[in-house]
């Protein structure tokens, strides 16, 4: 099943996403040039370490772009409602569109999204039923890449042997200390923020609640049976194969049952 493209016109979101892309480009360009390649040439690290860094970087930027342009679950203006489910739909008082329960109207995007978790300016898109799995992958690979970068910054000064061949005429070696300090500072900031966000997202999936439902405390009025964590994660990622939960280069197949069937 092909995934629809969803593009949000929001200058604030563009700025936030541009900042994330800048941090990614900075570490993808300077870290290999200052640390990975020189130490690999002198035998301090193996080619596996270099490849792993680039794989993490590739998966991180792929999940970012896919989460930002993927349709989060936008409801059409005239949705087709099955006769057996009409009583489980409600009218949005902001856009006057019929929507299933657990949907929410995004004031920034101007439409309702199925099982909307929140609107994230860092991807310039809503996080909903159809792109939540990509947002989780983005958080996961951002943590991996930030941690990997911090480890390389630390090892470069305190663990690896000093480089024997350095071209001091090259910009990156003349400003090596400043470049790595900037990299470490950005890594600490992003790792701290994304780790807290990732933990919140995981707890929401374990309890099968969205961030909006937690803030509105509407889950107290819902008698929803507790699901196994494998089921809730499979519904979010669209597959029961756990290895596919980590791959952003695929299409998601919805597994979540309708809301009222989950509650009855």
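Cβ from N, Cα, C; glycine included.
For 88-216, the entry in TrEMBL reads domain 'Palmitoyltransferase DHHC'. Summarising the annotation, TrEMBL assigns transmembrane segment to 12-31, 43-65, 138-159, 179-199.
Under DSSP, residues within the domain 'Palmitoyltransferase DHHC' (88-216) fall into helix, strand and coil as 69 helix, 18 strand, 42 coil.
Away from its own ends, the transmembrane segment (179-199) comes close to residues 23, 26-27, 30-31, 34-35, 136, 139-140, 142-143, 146-147, 149-150, 153, 156-157, 172 of its chain (Cβ-Cβ under 8 Å, at least six residues beyond either end). Counting only same-chain residues 6+ beyond the ends of the transmembrane segment (43-65), those with a CB under 8 A from a CB of the stretch are 17, 20-21, 24, 27-28, 31-32, 36-37, 123, 134-135, 137-138, 141-142, 144-145, 148, 152, 160-161, 246, 248-249.
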